[in-house]
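For reference, TrEMBL has these:
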type: DOMAIN; residues: C:10-140; note: domain 'Exoribonuclease phosphorolytic'
type: BINDING; residues: C:Arg86, C:Gly124, C:Thr125, C:Arg126; note: phosphate binding site
type: DOMAIN; residues: C:158-223; note: domain 'Exoribonuclease phosphorolytic'
Protein chains: 6
Amino acid sequence: MRPSARAPAELRPIRITRQFTKHAEGSVLVEFGDTRVLCTASVEERVPPFLKGKGRGWVTAEYGMLPRATHTRMQREASRGRQDGRTMEIQRLIGRALRAVMDLEALGERTITLDCDVIQADGGTRTAAITGSFVALADAMRYLVGKKSVKKSPLHGQVASVSVGIYRGVPVLDLDYAEDSEAETDMNVVMNDAGAFIEIQGTAEGHAFRMEELQAMLALARSGIEDLLRKQRDALGLVG
Amino acid sequence: MRPSARAPAELRPIRITRQFTKHAEGSVLVEFGDTRVLCTASVEERVPPFLKGKGRGWVTAEYGMLPRATHTRMQREASRGRQDGRTMEIQRLIGRALRAVMDLEALGERTITLDCDVIQADGGTRTAAITGSFVALADAMRYLVGKKSVKKSPLHGQVASVSVGIYRGVPVLDLDYAEDSEAETDMNVVMNDAGAFIEIQGTAEGHAFRMEELQAMLALARSGIEDLLRKQRDALGLVG
Amino acid sequence: MRPSARAPAELRPIRITRQFTKHAEGSVLVEFGDTRVLCTASVEERVPPFLKGKGRGWVTAEYGMLPRATHTRMQREASRGRQDGRTMEIQRLIGRALRAVMDLEALGERTITLDCDVIQADGGTRTAAITGSFVALADAMRYLVGKKSVKKSPLHGQVASVSVGIYRGVPVLDLDYAEDSEAETDMNVVMNDAGAFIEIQGTAEGHAFRMEELQAMLALARSGIEDLLRKQRDALGLVG
Amino acid sequence: MRPSARAPAELRPIRITRQFTKHAEGSVLVEFGDTRVLCTASVEERVPPFLKGKGRGWVTAEYGMLPRATHTRMQREASRGRQDGRTMEIQRLIGRALRAVMDLEALGERTITLDCDVIQADGGTRTAAITGSFVALADAMRYLVGKKSVKKSPLHGQVASVSVGIYRGVPVLDLDYAEDSEAETDMNVVMNDAGAFIEIQGTAEGHAFRMEELQAMLALARSGIEDLLRKQRDALGLVG
Amino acid sequence: MRPSARAPAELRPIRITRQFTKHAEGSVLVEFGDTRVLCTASVEERVPPFLKGKGRGWVTAEYGMLPRATHTRMQREASRGRQDGRTMEIQRLIGRALRAVMDLEALGERTITLDCDVIQADGGTRTAAITGSFVALADAMRYLVGKKSVKKSPLHGQVASVSVGIYRGVPVLDLDYAEDSEAETDMNVVMNDAGAFIEIQGTAEGHAFRMEELQAMLALARSGIEDLLRKQRDALGLVG
Amino acid sequence: MRPSARAPAELRPIRITRQFTKHAEGSVLVEFGDTRVLCTASVEERVPPFLKGKGRGWVTAEYGMLPRATHTRMQREASRGRQDGRTMEIQRLIGRALRAVMDLEALGERTITLDCDVIQADGGTRTAAITGSFVALADAMRYLVGKKSVKKSPLHGQVASVSVGIYRGVPVLDLDYAEDSEAETDMNVVMNDAGAFIEIQGTAEGHAFRMEELQAMLALARSGIEDLLRKQRDALGLVG
């Protein structure tokens, strides 16, 4: 029995709110249950030094948690003077996930920065961030199409992410904090809308996981991500 | 004529939403027009080193802006590795303002940290932060009273803040970004519910301001703050 | 009765020594009683990135305290690896104050940096720094006029600063450390030679201050600053 | 055809040299072909703050590259003043992998730090680091058994790691730099001697990978890791 | 011919002013010609962690340059966020030199910090800093004797320092900036009042120096230091 | 009697292994007894900003210790976020020593960086680093000659270094850790193959050293360095 009384293959209630703030070219509040992440996509007409003059753009991400997004207050990274290893790991993951569905040549010499700020944390913040960032990125691409900076959206696919794990011996989908803090294994899966993998990160927290457990988790992830991809399309008003 | 078509002595629409997030002992979303600041109050059973063993508590504040709270994206302070001078100035101001209405002895050896994170910026983020933080602090004190950690709330007054300035030669109340970026003088005023000053910070951006301009701004501030104090009481369900 | 036996409206002995060191274009030791601050003005033929190519110059300030300028030794900011909030607040204030009397277009693409280093602290270091920096800046402008880099001094006015406060219930001028550490209210005022305000920063340390206390402090500040402006002119050999 | 002319399922020549340096309790030079990593295990009779007084020990890892371990010189992290995201990601991975085979209660209040310093890089430095660190850790445990600090080794299993990937469409084992820089997919797998997974980290660099490619890579990884576990036992003089 | 028209074995005019500032237990302005360094000695009733509970004291030094002590403005180390290699080298040297004449057991569990801040630089700042710091340290020891914290001064000797070099082929004493920036060899020598060496740091800037040049420089240093030791005694009112 | 049973004027066994790693243009493992330092020379076709467009090159050095090169583990400088004073002092020394035998004009607009990483420390790491770096630098110059980037090697001499000290009252050559930690005086000497001094750094750890002790140490250093220069030539296959 899951703490939330969900079935093993059941996602939390998912909400995707576009235009949550007014300045960013894409601004999405994504909610996976009580996990709330604000994802903004900012367009800048410049590229990082290693891309200068190559005719290609870049997509990158930054991740942060408000200090009291969590049960107990965490020290603010800005006041501590550096981002910790977990933050860096997550923002690198988000960036890679989104670049996997973007045609950087078609983007032109621009940088899109996805800022993923966790307003409230209840497990799965990185998977929510990826799922919400895709929608923010799609909106930013519509903005560029709208002002004719690009002919058509340089996005060539959709990307979404969900966590799976082994909770009390049972493979479950989309772990919340109560499950996550107790799970034996935790895996984050990123897939595209062709059903292929962009990233798999699985960690045994308690005992190591066997091949059949891995297969069960992958199956759960695939079905959960299909659902998330559908919700992204709904949010963007796409048929399908 | 103000860009927002407001009268000179008119505040923007003010909204104060309590319990905006679930983990913090006080959590308030405060809105001054399009300026939105999330203020959380966190209670910790410890004091900073300089207060250890003195039987007194502490109230402090931290301030941050989400990178895309603004028209153009600002670099994330956590990734730059330090908070800039403006951030430090503001968080010191918020902390002083709230300590001015708190009986730190009655609080006992506890620290209350107000985290003020700007979700969307449109001028006046520091005055909104002070005004909203008071409500979050009041909620945190109710929480302490509720669990009998203190007998009654250690707050001995209310505090609120508003900006005033000279815009195109006219003294105006509660400047938004369009006015602020063009104002000749900008002053932030913090007052308590006894009508006394806790802080005045006035800066001539363009020409220096004369004594009579100062007096006009102070009068505007006083009336605006009275209004804000009333809205705080309404939000907290207090008569008065 | 003030600890120094001064009358409420009496400044400490003020001394302004020009050419205190030999390398800087302006170098002034300013003394407000036992408070001694070395203010140097350095001319550099470059502007910060945000001003490049705009035909305008910049005036900025940095502030520091020697570790044993104070009663007990403070940690050196250079060894701690960062400037604290108070330092940043002060150097931003000094910079704003001086820019208020400078025609940055007439200065041309140059940066003037005022370094204000406190040799000995006894209260009022920031107001001494502003008052002394103006003289150092005037000397640096004379240097530029002398080498014909500018036709005439781009300074269009004078600026000076003093602190006022409520000490044991009485409004007093130019607080020394003994008063400052005990004052109920502390206000720093910056004015120009037209009698207009450039900056007001008042903070209630103990109880909040009432409107009539504010008015009394402003009157004291105005008369003190008039005196300081006269001493600046004397030091610079100006008639008037 | 692989650049090294290896068969798809063939490891590079593996060498494990114990007691490579004299001060550390465990000191192993591990070589996966031209990749050379020095892994030292240091025993310290203290635990990090979060474990104080809990009767449990800790195993942690740090990772570094000598600046010219690579084709072109990289800036030294110590002189740049911070470790980058990749370094943090890798050292967190190594630490988790080794803790997965360690009984931290049996270790007692001690910290074992694995320092993994890359002397020469040619792909797969993190997998070599994990594989070599296990041997260094085993030596450090023998040291503790030898001085009777623990009754028997707190290790309850073996751990090793290898990379797999899709190179020019073919699943291959243990990628060297020439392959890695061109691979479409790169996956690092960490397993124990029971054949279960401790960590899987797979990233699509080029196109996303399909389920059957994932299965082929997992099979390669399993067989490569079995081989590495055998080499660890040989190096440690264990039967089997 | 030296730029200053001094004879090769001639020191610059040396001035040692005690009680230059009022808060420090020892406060000395030392001048070697135009080089001016403020040396303060601060007594603190604590020792660094590595000495806790050992019944011994510590003497340490910090060194800084005011940004415009030099011909062109140098960036403030506090704003840059770190001390550079030269600063660290110098403050380590000053600390070692003073510890060489101090009985740390007799000092008891106290730390004396020498802050050496260069007000104006014209070559030889580190040798002036050592020479002046000794006098500040002696004053701080008198302060401790005066309040009966120690029975007698824990100083068991005097220490002074001077630079020597090869300027245009000629060995010279006490180089000023004009010589220093052009010298082929530059050597800083620290000696005690028994005529023995505490530190020698010689660097060939241009061509390497031969044994006979070294001997000539050592002889110059010895005679210069004898002179400086005498001036220290004069300043301290010692017969000698 | 020395702990190692060496005669006072006897070096430890010296080994110089070229091409220790494969990527660097020069890569030398130098061993002074149990002290082992990896010195790599990296050629980069750029110069630091202060040399841009001047037609001259630069030689610089960086120094690091692996965390467990020493008896007890030292914190990694990269994780602590800064290099300490000792590291900076040493890398500045190595850079100066090598520049003393290099014709920077003949090198052209290139930077050679010597990375000296201590694999195992047993005293004298900086002298080993200088001695080994010279060989790595010579190899890098051969590489430049080989690809015709320079006509002939810009090296105009050899440089080597050794430590000398007073151990239990006796002047000794090439101190190991057991001697170094107990020596009364420790001096590092850098000389060229013309028998002239490039650098002398002598520090009295216990009592100050007298002139005759200095002379004895200098004589030992000279003979030791002659030996080291010969071993460098042997390693480089030079006659002589």
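Any Cβ shown, glycine's included, is placed from N, Cα and C.
Location within the structure of each feature annotated in TrEMBL.
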| residue | record | CB count, 10 Å |
| --- | --- | --- |
| C:Arg86 | phosphate binding site | 14 |
| C:Gly124 | phosphate binding site | 26 |
| C:Thr125 | phosphate binding site | 26 |
| C:Arg126 | phosphate binding site | 24 |
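Same-chain residues that are not part of C:Arg86, C:Gly124, C:Thr125, C:Arg126 yet have a Cβ within 8 Å of the Cβ center of the phosphate site turn out to be C:Tyr63, C:Ile90, C:Val118, C:Ala121, C:Gly123, C:Thr127, C:Ala128, C:Ala129, C:Asn188. Per-residue pLDDT, averaged across the domain 'Exoribonuclease phosphorolytic' (C:10-140), gives 96. Residues listed for phosphate, C:Arg86, C:Gly124, C:Thr125, C:Arg126, cover a largest CA to CA span of 13 Å.
Secondary structure by DSSP for the domain 'Exoribonuclease phosphorolytic' (C:10-140): 42 helix, 41 strand, 48 coil. According to DSSP, the domain 'Exoribonuclease phosphorolytic' (C:158-223) comprises 17 helix, 30 strand, 19 coil.
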